[in-house]
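The block underneath contains the structure these notes are about, expressed in C-alpha coordinates.
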Amino acid sequence: MNSQLQDGFGRSIDYLRISVTDRCDFRCVYCMAEDMTFLARQQVLSLEEIERLARLFVAHGVKKIRLTGGEPLVRQGIVGLCAKIAALPGLRELVMTSNGSQLGKLAQPLADAGVKRLNISLDSLKPERFAAITRTGELAQVLAGIDAARAAGFARIKLNAVVMQGRNADEVLDLVDYAVQRGLDISFIEEMPLGQVGRSREESFCSSDWVRERISQRYSLIDSAEQSGGPARYVRIQGHADSRIGFISPHSHNFCATCNRVRLTAEGRLLLCLGHEHSVDLRALLRRHPESDAPLLDAIHAGLARKPQRHDFSIGGEVQVLRFMNASGG
Ligand code: SAM
Ligand code: SF4
(Lines of atoms letter the chains of each structure in order from A and count residues from 1; the text may use other names and numbers.)
(Lines give C-alpha, C1' and ligand atoms only; values in the text may rest on other atoms or scores of the structure.)
(Ligands and ions follow the chains in the order given, each with its own letter.)
Protein backbone atom coordinates (compact mmCIF):
# COMPACT_ATOMS: atom_id res chain seq x y z
CA MET A 1 0.00 0.00 0.00
CA ASN A 2 1.19 3.53 -0.82
CA SER A 3 2.54 4.77 2.48
CA GLN A 4 1.88 8.43 1.62
CA LEU A 5 -1.60 9.58 2.67
CA GLN A 6 -3.67 11.03 -0.19
CA ASP A 7 -7.30 11.93 -0.59
CA GLY A 8 -9.67 11.06 -3.41
CA PHE A 9 -8.79 14.27 -5.26
CA GLY A 10 -5.05 13.55 -5.27
CA ARG A 11 -4.23 16.02 -2.49
CA SER A 12 -1.37 14.81 -0.28
CA ILE A 13 -2.18 14.92 3.39
CA ASP A 14 0.91 15.93 5.34
CA TYR A 15 -0.57 18.10 8.07
CA LEU A 16 -2.47 16.77 11.09
CA ARG A 17 -4.14 18.95 13.69
CA ILE A 18 -4.82 17.20 16.98
CA SER A 19 -7.26 18.48 19.57
CA VAL A 20 -5.78 17.17 22.82
CA THR A 21 -8.77 18.25 24.91
CA ASP A 22 -12.17 19.85 24.38
CA ARG A 23 -11.78 21.68 27.70
CA CYS A 24 -10.72 25.27 28.07
CA ASP A 25 -10.29 27.90 30.74
CA PHE A 26 -11.90 30.50 28.42
CA ARG A 27 -15.39 30.60 26.89
CA CYS A 28 -14.83 32.78 23.82
CA VAL A 29 -18.11 34.05 22.41
CA TYR A 30 -17.40 32.79 18.87
CA CYS A 31 -16.24 29.36 20.01
CA MET A 32 -18.33 28.16 22.93
CA ALA A 33 -21.66 28.65 24.59
CA GLU A 34 -21.47 30.10 28.10
CA ASP A 35 -22.63 26.87 29.62
CA MET A 36 -20.69 23.99 28.05
CA THR A 37 -20.76 20.30 28.83
CA PHE A 38 -17.39 18.71 28.27
CA LEU A 39 -16.55 15.13 27.39
CA ALA A 40 -16.13 12.55 30.13
CA ARG A 41 -12.53 11.52 30.71
CA GLN A 42 -12.88 8.04 29.17
CA GLN A 43 -14.31 9.55 25.99
CA VAL A 44 -11.16 11.58 25.45
CA LEU A 45 -8.09 9.91 23.92
CA SER A 46 -5.39 9.15 26.47
CA LEU A 47 -1.94 10.68 25.97
CA GLU A 48 -0.68 7.25 24.91
CA GLU A 49 -3.46 6.95 22.32
CA ILE A 50 -2.67 10.39 20.92
CA GLU A 51 1.00 9.50 20.70
CA ARG A 52 0.21 6.21 18.96
CA LEU A 53 -1.86 7.99 16.30
CA ALA A 54 0.73 10.73 15.85
CA ARG A 55 3.38 8.06 15.30
CA LEU A 56 1.22 6.29 12.73
CA PHE A 57 0.46 9.47 10.80
CA VAL A 58 4.09 10.56 10.80
CA ALA A 59 5.17 7.11 9.62
CA HIS A 60 2.83 7.65 6.64
CA GLY A 61 4.00 11.02 5.52
CA VAL A 62 2.62 13.61 7.92
CA LYS A 63 5.31 16.29 8.29
CA LYS A 64 3.59 18.83 10.47
CA ILE A 65 1.46 18.37 13.58
CA ARG A 66 -0.40 21.13 15.35
CA LEU A 67 -1.67 20.51 18.88
CA THR A 68 -4.75 22.49 19.72
CA GLY A 69 -8.03 22.15 21.58
CA GLY A 70 -9.89 23.37 23.55
CA GLU A 71 -6.92 24.80 25.29
CA PRO A 72 -4.04 22.33 24.86
CA LEU A 73 -2.19 23.70 27.87
CA VAL A 74 -4.94 22.74 30.33
CA ARG A 75 -4.32 19.06 29.50
CA GLN A 76 -2.24 17.40 32.21
CA GLY A 77 0.95 15.90 30.79
CA ILE A 78 0.97 18.10 27.69
CA VAL A 79 4.67 18.95 27.86
CA GLY A 80 5.66 15.26 27.99
CA LEU A 81 3.38 14.52 25.04
CA CYS A 82 5.01 17.34 23.08
CA ALA A 83 8.46 15.92 23.73
CA LYS A 84 7.39 12.47 22.48
CA ILE A 85 5.72 13.79 19.33
CA ALA A 86 8.53 16.24 18.54
CA ALA A 87 11.00 13.33 18.59
CA LEU A 88 9.11 11.25 15.99
CA PRO A 89 11.47 10.53 13.09
CA GLY A 90 10.24 12.24 9.91
CA LEU A 91 8.22 14.98 11.58
CA ARG A 92 9.37 18.38 10.31
CA GLU A 93 7.66 20.47 12.94
CA LEU A 94 5.44 20.31 15.96
CA VAL A 95 3.49 23.51 16.53
CA MET A 96 0.71 24.58 18.87
CA THR A 97 -2.26 26.93 19.06
CA SER A 98 -2.95 28.30 22.53
CA ASN A 99 -4.97 31.02 24.20
CA GLY A 100 -1.79 32.02 26.05
CA SER A 101 -3.18 31.86 29.57
CA GLN A 102 -0.72 29.18 30.74
CA LEU A 103 2.31 30.31 28.76
CA GLY A 104 3.76 32.27 31.65
CA LYS A 105 4.79 28.98 33.22
CA LEU A 106 4.76 26.64 30.20
CA ALA A 107 6.38 28.59 27.34
CA GLN A 108 9.94 27.57 28.20
CA PRO A 109 9.13 23.89 28.93
CA LEU A 110 7.27 23.71 25.60
CA ALA A 111 10.16 25.22 23.67
CA ASP A 112 12.53 22.83 25.44
CA ALA A 113 10.24 19.90 24.55
CA GLY A 114 10.62 20.74 20.85
CA VAL A 115 7.54 22.81 19.99
CA LYS A 116 8.82 24.99 17.13
CA ARG A 117 6.19 27.66 16.65
CA LEU A 118 3.22 28.98 18.56
CA ASN A 119 -0.05 30.58 17.49
CA ILE A 120 -1.51 32.62 20.31
CA SER A 121 -5.05 33.99 20.22
CA LEU A 122 -5.42 37.67 21.02
CA ASP A 123 -8.63 39.43 20.07
CA SER A 124 -8.36 42.66 22.04
CA LEU A 125 -5.84 44.80 23.89
CA LYS A 126 -8.50 46.32 26.14
CA PRO A 127 -8.88 44.41 29.40
CA GLU A 128 -12.68 44.77 29.72
CA ARG A 129 -13.26 43.81 26.12
CA PHE A 130 -10.87 40.90 26.35
CA ALA A 131 -12.81 39.72 29.40
CA ALA A 132 -16.11 40.13 27.54
CA ILE A 133 -14.96 38.23 24.44
CA THR A 134 -13.32 35.38 26.34
CA ARG A 135 -15.91 35.54 29.17
CA THR A 136 -13.33 34.25 31.70
CA GLY A 137 -9.97 35.41 30.39
CA GLU A 138 -7.61 37.99 31.84
CA LEU A 139 -5.69 40.11 29.35
CA ALA A 140 -2.67 40.77 31.58
CA GLN A 141 -2.09 37.05 32.04
CA VAL A 142 -2.15 36.45 28.28
CA LEU A 143 0.16 39.39 27.55
CA ALA A 144 2.58 38.02 30.14
CA GLY A 145 2.27 34.64 28.40
CA ILE A 146 3.16 36.22 25.06
CA ASP A 147 6.22 37.85 26.63
CA ALA A 148 7.26 34.50 28.12
CA ALA A 149 6.89 32.89 24.70
CA ARG A 150 9.02 35.62 23.09
CA ALA A 151 11.74 34.97 25.65
CA ALA A 152 11.60 31.19 25.22
CA GLY A 153 13.11 31.14 21.72
CA PHE A 154 10.34 29.82 19.47
CA ALA A 155 11.18 30.03 15.78
CA ARG A 156 8.06 32.07 15.21
CA ILE A 157 5.06 33.37 17.12
CA LYS A 158 1.85 34.32 15.40
CA LEU A 159 -1.11 36.06 16.96
CA ASN A 160 -4.63 35.08 15.86
CA ALA A 161 -7.55 37.48 16.07
CA VAL A 162 -11.14 36.71 15.12
CA VAL A 163 -12.53 40.03 13.94
CA MET A 164 -16.11 40.95 14.87
CA GLN A 165 -17.94 44.19 14.16
CA GLY A 166 -19.12 45.78 17.37
CA ARG A 167 -16.57 43.86 19.46
CA ASN A 168 -13.01 44.35 18.26
CA ALA A 169 -13.07 45.44 14.60
CA ASP A 170 -11.98 48.94 15.68
CA GLU A 171 -8.82 47.44 17.22
CA VAL A 172 -7.38 45.96 14.04
CA LEU A 173 -4.73 48.68 13.73
CA ASP A 174 -3.82 48.51 17.43
CA LEU A 175 -3.36 44.75 17.14
CA VAL A 176 -1.14 45.19 14.09
CA ASP A 177 0.91 47.82 15.96
CA TYR A 178 1.31 45.45 18.91
CA ALA A 179 2.51 42.63 16.62
CA VAL A 180 4.82 44.83 14.53
CA GLN A 181 6.47 46.41 17.57
CA ARG A 182 7.41 42.92 18.78
CA GLY A 183 8.31 41.37 15.41
CA LEU A 184 5.41 38.92 15.62
CA ASP A 185 3.13 37.72 12.82
CA ILE A 186 -0.58 38.29 13.10
CA SER A 187 -3.51 36.62 11.33
CA PHE A 188 -7.02 37.94 11.14
CA ILE A 189 -9.70 35.29 10.98
CA GLU A 190 -13.22 35.49 9.60
CA GLU A 191 -15.64 33.97 12.08
CA MET A 192 -16.88 30.54 11.06
CA PRO A 193 -20.34 29.13 11.79
CA LEU A 194 -19.33 26.25 14.03
CA GLY A 195 -21.84 25.33 16.74
CA GLN A 196 -24.77 27.31 18.11
CA VAL A 197 -23.12 29.91 20.35
CA GLY A 198 -26.24 31.82 21.33
CA ARG A 199 -25.75 34.96 19.21
CA SER A 200 -26.10 35.91 15.58
CA ARG A 201 -22.82 35.76 13.74
CA GLU A 202 -24.22 37.60 10.73
CA GLU A 203 -24.36 41.05 12.27
CA SER A 204 -20.78 40.93 13.52
CA PHE A 205 -19.26 39.36 10.40
CA CYS A 206 -16.19 41.18 9.19
CA SER A 207 -14.53 40.20 5.91
CA SER A 208 -10.79 39.90 5.41
CA ASP A 209 -11.04 42.47 2.62
CA TRP A 210 -12.46 44.97 5.10
CA VAL A 211 -9.65 44.23 7.58
CA ARG A 212 -7.01 44.59 4.90
CA GLU A 213 -8.43 47.90 3.75
CA ARG A 214 -8.36 49.14 7.33
CA ILE A 215 -4.70 48.12 7.81
CA SER A 216 -3.76 49.79 4.51
CA GLN A 217 -4.77 53.10 6.06
CA ARG A 218 -1.63 52.95 8.21
CA TYR A 219 0.73 50.43 6.61
CA SER A 220 1.92 49.76 3.06
CA LEU A 221 1.10 46.14 2.40
CA ILE A 222 3.01 44.02 -0.08
CA ASP A 223 1.34 40.91 -1.47
CA SER A 224 3.30 37.77 -0.84
CA ALA A 225 3.03 34.27 -2.21
CA GLU A 226 4.26 32.83 1.09
CA GLN A 227 2.54 29.81 2.52
CA SER A 228 2.89 28.41 6.01
CA GLY A 229 1.20 25.13 5.14
CA GLY A 230 -2.04 26.56 6.53
CA PRO A 231 -5.00 28.38 5.01
CA ALA A 232 -3.74 31.93 5.59
CA ARG A 233 -2.85 34.30 2.73
CA TYR A 234 0.05 36.51 3.79
CA VAL A 235 1.13 40.06 3.14
CA ARG A 236 4.39 41.74 4.12
CA ILE A 237 4.55 45.21 5.61
CA GLN A 238 6.78 47.86 4.09
CA GLY A 239 9.53 48.74 6.57
CA HIS A 240 8.72 45.90 8.99
CA ALA A 241 10.56 42.86 7.69
CA ASP A 242 10.01 40.76 10.82
CA SER A 243 6.22 40.68 10.76
CA ARG A 244 3.70 39.25 8.33
CA ILE A 245 -0.02 39.71 8.29
CA GLY A 246 -2.21 36.73 7.44
CA PHE A 247 -5.83 36.58 6.42
CA ILE A 248 -7.81 33.43 7.09
CA SER A 249 -10.94 33.77 5.03
CA PRO A 250 -13.10 30.67 5.03
CA HIS A 251 -16.01 32.71 3.66
CA SER A 252 -14.62 35.17 1.21
CA HIS A 253 -11.63 33.25 -0.19
CA ASN A 254 -12.26 29.57 -0.02
CA PHE A 255 -8.98 27.71 0.58
CA CYS A 256 -10.07 24.14 -0.11
CA ALA A 257 -8.15 23.56 -3.35
CA THR A 258 -4.85 23.41 -1.52
CA CYS A 259 -6.16 21.62 1.56
CA ASN A 260 -3.46 19.31 2.90
CA ARG A 261 -4.80 18.56 6.35
CA VAL A 262 -7.08 16.49 8.48
CA ARG A 263 -8.07 16.93 12.11
CA LEU A 264 -8.25 14.55 15.01
CA THR A 265 -10.85 15.45 17.63
CA ALA A 266 -10.30 15.04 21.35
CA GLU A 267 -12.49 11.93 21.29
CA GLY A 268 -10.51 10.38 18.46
CA ARG A 269 -12.66 11.12 15.44
CA LEU A 270 -10.70 11.89 12.30
CA LEU A 271 -12.42 14.89 10.71
CA LEU A 272 -11.85 15.08 7.02
CA CYS A 273 -13.08 18.64 6.54
CA LEU A 274 -13.88 21.42 8.99
CA GLY A 275 -17.10 22.24 7.13
CA HIS A 276 -18.55 18.73 7.00
CA GLU A 277 -19.49 16.07 9.50
CA HIS A 278 -17.63 13.27 7.66
CA SER A 279 -15.43 11.50 10.18
CA VAL A 280 -13.82 8.20 11.09
CA ASP A 281 -14.00 6.84 14.64
CA LEU A 282 -10.36 6.01 15.32
CA ARG A 283 -10.88 5.68 19.08
CA ALA A 284 -12.96 2.52 18.67
CA LEU A 285 -10.28 0.98 16.47
CA LEU A 286 -7.45 2.06 18.77
CA ARG A 287 -9.11 0.38 21.71
CA ARG A 288 -10.23 -2.71 19.78
CA HIS A 289 -6.76 -3.30 18.30
CA PRO A 290 -4.18 -2.38 20.94
CA GLU A 291 -1.45 -4.38 19.20
CA SER A 292 -2.05 -3.78 15.49
CA ASP A 293 -2.07 -0.53 13.55
CA ALA A 294 -3.22 -2.14 10.28
CA PRO A 295 -6.96 -1.70 10.93
CA LEU A 296 -6.35 1.95 11.85
CA LEU A 297 -4.39 2.58 8.69
CA ASP A 298 -7.06 0.92 6.53
CA ALA A 299 -9.73 3.12 8.13
CA ILE A 300 -7.61 6.25 7.62
CA HIS A 301 -7.08 5.46 3.92
CA ALA A 302 -10.77 4.67 3.44
CA GLY A 303 -11.71 7.92 5.21
CA LEU A 304 -9.34 10.01 3.12
CA ALA A 305 -10.87 8.62 -0.04
CA ARG A 306 -14.12 10.25 1.16
CA LYS A 307 -12.59 13.62 2.12
CA PRO A 308 -14.94 16.27 0.67
CA GLN A 309 -13.63 18.44 -2.13
CA ARG A 310 -14.56 21.70 -0.41
CA HIS A 311 -16.57 23.36 2.32
CA ASP A 312 -19.01 26.16 1.72
CA PHE A 313 -19.96 28.25 4.71
CA SER A 314 -22.74 30.79 4.41
CA ILE A 315 -22.77 33.73 6.76
CA GLY A 316 -26.42 33.91 7.71
CA GLY A 317 -29.08 31.28 8.07
CA GLU A 318 -28.82 27.99 9.82
CA VAL A 319 -25.80 26.68 11.64
CA GLN A 320 -24.37 24.21 9.16
CA VAL A 321 -22.00 22.34 11.40
CA LEU A 322 -23.17 21.38 14.83
CA ARG A 323 -19.74 20.78 16.29
CA PHE A 324 -18.22 23.56 18.35
CA MET A 325 -14.78 24.82 17.38
CA ASN A 326 -13.26 23.56 20.62
CA ALA A 327 -14.32 20.03 19.71
CA SER A 328 -12.92 20.29 16.18
CA GLY A 329 -9.44 21.42 16.94
CA GLY A 330 -9.50 24.97 15.47
N1 SAM B 1 -7.66 27.52 22.76
C2 SAM B 1 -6.70 27.77 21.74
C3 SAM B 1 -6.84 29.17 21.18
O4 SAM B 1 -7.85 29.82 21.44
O5 SAM B 1 -5.93 29.60 20.47
C6 SAM B 1 -6.72 26.76 20.62
C7 SAM B 1 -8.06 26.29 20.13
S8 SAM B 1 -9.03 27.54 19.32
C9 SAM B 1 -10.47 26.60 18.89
C10 SAM B 1 -8.13 27.75 17.82
C11 SAM B 1 -8.46 28.99 17.03
O12 SAM B 1 -9.77 28.92 16.54
C13 SAM B 1 -8.37 30.28 17.83
O14 SAM B 1 -7.48 31.17 17.18
C15 SAM B 1 -9.77 30.83 17.80
O16 SAM B 1 -9.76 32.21 17.75
C17 SAM B 1 -10.31 30.21 16.54
N18 SAM B 1 -11.78 30.08 16.53
C19 SAM B 1 -12.57 29.54 17.48
N20 SAM B 1 -13.87 29.57 17.09
C21 SAM B 1 -13.89 30.16 15.86
C22 SAM B 1 -14.92 30.47 14.94
N23 SAM B 1 -16.19 30.20 15.18
N24 SAM B 1 -14.55 31.08 13.78
C25 SAM B 1 -13.24 31.35 13.50
N26 SAM B 1 -12.24 31.07 14.34
C27 SAM B 1 -12.55 30.47 15.51
FE1 SF4 C 1 -11.01 28.26 24.45
FE2 SF4 C 1 -9.64 28.72 22.25
FE3 SF4 C 1 -12.27 28.28 22.12
FE4 SF4 C 1 -11.41 30.53 23.18
S5 SF4 C 1 -11.12 29.89 21.05
S6 SF4 C 1 -12.97 29.17 24.06
S7 SF4 C 1 -9.55 29.91 24.14
S8 SF4 C 1 -10.76 26.84 22.76
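Placement of Cβ uses the backbone N, Cα and C atoms for every residue, glycine included.
Summarising the annotation, TrEMBL assigns domain 'Radical SAM core' to 8-231.
Annotated GTP binding site per TrEMBL: Arg17, Arg66, Thr97, Lys158, Arg261, Val262, Arg263, in sequence order. There are 22 other CB atoms within 10 A of the CB of Arg17 (GTP binding site), with all protein chains counted. The DSSP secondary structure for Arg17 (GTP binding site) is strand.
As annotated by TrEMBL, [4Fe-4S] cluster 1 binding site applies to Cys24, Cys28, Cys31. In the three-state DSSP classification, Cys24 ([4Fe-4S] cluster 1 binding site) falls within coil. Other Cβ atoms within 10 Å of the Cβ of Cys24 ([4Fe-4S] cluster 1 binding site) number 23 in total over all chains.
According to TrEMBL, the S-adenosyl-L-methionine binding site annotation covers Tyr30, Gly70, Ser121, Met192.
For Cys273 ([4Fe-4S] cluster 2 binding site), the number of other Cβ atoms no farther than 10 Å from its own Cβ, over all displayed protein chains, is 21. According to TrEMBL, the feature [4Fe-4S] cluster 2 binding site maps to Cys256, Cys259, Cys273.
Among the binding-site residues Arg17, Arg66, Arg261, Val262, Arg263, not one has its Cα within 10 Å of the Cα of Met192 (S-adenosyl-L-methionine binding site). Here the binding-site residues are Thr97, Ser121, and the one ringed by the most other CB atoms within 10 angstroms is Ser121. For Cys28 ([4Fe-4S] cluster 1 binding site), the nearest neighbour among the listed binding-site residues (Arg17, Thr97, Arg261, Val262, Arg263), judged by C-alpha distance, is Thr97. Here nothing among the binding-site residues Cys24, Tyr30, Gly70, Ser121 falls inside 10 Å of the CA of Val262 (GTP binding site). Annotation for Cys259 ([4Fe-4S] cluster 2 binding site): spatial neighbours Arg11, Pro231, Cys273, criterion Cβ-Cβ under 8 Å with sequence separation of six or more.
There are 21 other CB atoms within 10 A of the CB of Arg263 (GTP binding site), with all protein chains counted. Close to ligand 1, meaning a Cβ under 6 Å from one of its atoms, is not one of the binding-site residues Arg17, Lys158, Cys259, Val262.
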